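Here is the structure we will look at, set down as structure tokens.
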């Protein structure tokens, strides 16, 4: 018992003596984090200059702080004991340790290529804003059937195969495909009625205009012919004129 205690005490003394000797041989080991051992000042611990840091003690130099620029934004400012932390601006996501790179986000149903975001090919899907397009699940490999068809944003939904369904059980049918955007029958009927009304109104207007123009033309023709019409004398006027003679001829009759 006494020997074991003696051995423990001796070991502790050796460790303490080793640390003391090491500190005497390398005074830079006493420099804490946030400082560096300045050889130009007789190995005195000097604080790290601005925009630099030392995360561990005993460093002879300080590391340059990271600058968050471009697609990066600062999540944590740099201090004398820790580096700055960056993340990506909206529309991008981090890649690598410590967010060393930023990658563009894509919409669901797309994947990022060298030329930018591209829609997933038929038979593949991507339900996230990052990553690659993955193939639809092959339901037949598991002896199942497709209940809901897959899209570029969603995987297929598998269900029991038709052989597994009992005769009295109701089969599940896939949902009806979404109708392509277009005109509803009500809107088409409305436009047809509106077009028919407009055509009838136009036909009535043209007929009325043609009638008015025709009447006006006859009246104008009559007015134009009035100055050129010769007045016709009555029978009494012609008889009265035939009975009158000049005075000289009347005088010559008295013989």
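Numbering starts at 1 and runs along the chain as it is shown here.
Using N, Cα and C of the backbone, Cβ positions are placed for all residues, glycine too.
Swiss-Prot assigns the feature transmembrane segment to residues 187-213, out of the candidate ranges 187-213, 214-240. Listed in sequence order, 71, 72, 88, 89, 92, 93, 94, 95 are the same-chain residues six or more apart from residue 102 (disulfide bond) with CB atoms under 8 A from its CB. Sequence-remote contacts of a segment are chain residues at least 6 beyond its ends whose Cβ falls under 8 Å from one of its Cβ atoms, and for the repeat 'TNFR-Cys 2' (47-86) they are 26, 28-37, 39, 92, 98-99, 102.
All protein chains shown were included, and the count of other CB atoms within 10 Å of the CB of residue 139 (disulfide bond) stands at 16. Note on the repeat 'TNFR-Cys 4' (119-159): its mean pLDDT in the predicted model is 94. A sphere of 10 angstroms centred on the C-beta of residue 94 (disulfide bond) encloses 16 other C-beta atoms.
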